[in-house]
Amino acid sequence: MTSRRWFHPNITGVEAENLLLTRGVDGSFLARPSKSNPGDFTLSVRRNGAVTHIKIQNTGDYYDLYGGEKFATLAELVQYYMEHHGQLKEKNGDVIELKYPLNCADPTSERWFHGHLSGKEAEKLLTEKGKHGSFLVRESQSHPGDFVLSVRTGDDKGESNDGKSKVTHVMIRCQELKYDVGGGERFDSLTDLVEHYKKNPMVETLGTVLQLKQPLNTTRINAAEIESRVRELSKLAETTDKVKQGFWEEFETLQQQECKLLYSRKEGQRQENKNKNRYKNILPFDHTRVVLHDGDPNEPVSDYINANIIMPEFETKCNNSKPKKSYIATQGCLQNTVNDFWRMVFQENSRVIVMTTKEVERGKSKCVKYWPDEYALKEYGVMRVRNVKESAAHDYTLRELKLSKVGQGNTERTVWQYHFRTWPDHGVPSDPGGVLDFLEEVHHKQESIVDAGPVVVHCSAGIGRTGTFIVIDILIDIIREKGVDCDIDVPKTIQMVRSQRSGMVQTEAQYRFIYMAVQHYIETLQRRIEEEQKSKRKGHEYTNIKYSLVDQTSGDQSPLPPCTPTPPCAEMREDSARVYENVGLMQQQRSFR
């Protein structure tokens, strides 16, 4: 499990319901301390627009649900029921599914806070990426609600006097919203505590001085808190000699990992294929390239096009798990590759094309026109394309195209080309709103077509703007599915798409733009939720303490995750006799989904 921030240390049952109903979706859950039984915990799960609360017993030896499986830690219990669907049931047999953790706000926006990280994982990180004095703060696994300061000591080789790598862990207690290390001064925040011990180093009992010299930063963030992360990344360097800072530092770190992605590109390097590449050194990886199957068997290179399949959940491909949406990242067409482009679109059953460049920019050809004029029909090798109509929006042109194979009349299908026209020749757009509106239209079109193949995305080289659009779309899809409190990781997502096509997201400006676009999306979503809550409260007068079981749905497609209104918290009371639903003991099963 990558995060244990589903644990909310300071909320009541009423507050848990309010959070789950306003910020979660069905399947969202959180854990919290039990108010009625101090030392125990409660699992709160949103189901069918309502919230079920499940008691978790902490005997001092193990955690369980007052019966059933026993676990050493709260995290292991939650992970087990997340992974083993069908094990957690009510007495009437209804399954309770833990799908989406509703994360607690991080106690700090500082990048040295890593959230859920085990001691071993912290040691591995500090040993591999840190140096003497590197530190991070993480959640305590053994004491939910507390934290741990992990510090690398020894020399820069990570070795202490006995020649072994050394990482020291210091427990940070959180009591009554104050933080301390088990004695001495108490602090109002984790940041205050860390800043204090940076200036006043702690000393271990054996005399080792714990110097907090430089933080080992994380790139994972809670999507809802992206504004705080952007603010941190936008800070200017403290001193003129400290060049690496914020966005530049993160992007440069990402660039340094390119050496890990040196996969073969032999097909693109073949002499016969060189004239099919717009740029001689921007070539597709062999392991993810689109292979054209309908070429001339006497011409082995007829299967080549400079394009790669991009799967958002690439690591699951080996498990035969098909992601909901995939992409084809490709270069802008050359005159001699237009026929191959349409062969690819037809073969992959792609119904949506995203073009992010003009045909000519700054006097240079970026992509030849690969579609006919409006109302015209044109043949491209074995493919026929008819331009049914064109319509212009503020930032883009939408073309409805009919694609078929020459001589095969029953093969005609509709392909929609979204041509984004307002990306500036230099840099990135000043306002991400236009890009987000554009991607929203693309998303709805793709969703509306049954069994549509990958979305084809191209610019000129097929890596810069193409990578930027794809990464933004992937991150927004995650938020759509899991809600605003999910974890996202921009560098990790870029690294994932780069493992499938080299060089995706080319500049620091594009990297920063991804953050700005996601921030803009989140802010729009949060305003929408606030307005819906206000509207519901004005339109309804609540006369009892029951919660609304009606999901907020509408006939039109919403670009934002669903949310369910709830009465003001002041009108509710926590009553253990009412709050807790009966949950039957788990039935032992052999097969898991």
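Glycine residues also receive a Cβ, built from the backbone N, Cα and C atoms like all the rest.
The feature N-acetylthreonine is assigned by Swiss-Prot to Thr2.
According to Swiss-Prot, the feature domain 'SH2 1' maps to 6-102.
Under the heading phosphotyrosine, Swiss-Prot lists Tyr62 (among others). In the three-state DSSP scheme, Tyr62 (phosphotyrosine) is classed as coil. There are 14 other Cβ atoms within 10 Å of the Cβ belonging to Tyr62 (phosphotyrosine).
Among the features that Swiss-Prot reports, phosphotyrosine is placed at Tyr66 (among others).
Marked as domain 'SH2 2' by Swiss-Prot: 112-216.
According to Swiss-Prot, the feature domain 'Tyrosine-protein phosphatase' maps to 247-521.
Annotation source Swiss-Prot lists substrate binding site at Asp425, Cys459, Ser460, Ala461, Gly462, Ile463, Gly464, Arg465, Gln506, citing similarity to another entry. Take the CB of Ser460 (substrate binding site) and look out to 10 A: across all protein chains shown you find 22 other CB atoms.
Marked as active site, phosphocysteine intermediate by Swiss-Prot on the basis of sequence analysis: Cys459. Cβ neighbours within 10 Å of Cys459 (active site, phosphocysteine intermediate), excluding its own Cβ and spanning all shown chains: 27.
Residues or ranges marked as phosphotyrosine in Swiss-Prot (evidence: experimental evidence): Tyr542 (among others).
The phosphotyrosine annotation in Swiss-Prot covers Tyr580 (among others), and the record cites experimental evidence as its basis.
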Coarse DSSP state, helix versus strand versus coil, of Gly464 (substrate binding site): helix
Cβ-Cβ distance under 8 Å to Tyr66 (phosphotyrosine), same chain, at least six residues away: Lys55, Gln57
Alpha-carbon spacing, Asp425 (substrate binding site) to Cys459 (active site, phosphocysteine intermediate), which is rounded to whole Å: 12
Diameter of the substrate binding set by C-alpha atoms, the set being Asp425, Cys459, Ser460, Ala461, Gly462, Ile463, Gly464, Arg465, Gln506, in angstrom: 16
Between Tyr62 (phosphotyrosine) and Gly462 (substrate binding site): CA-CA distance (Å): 53
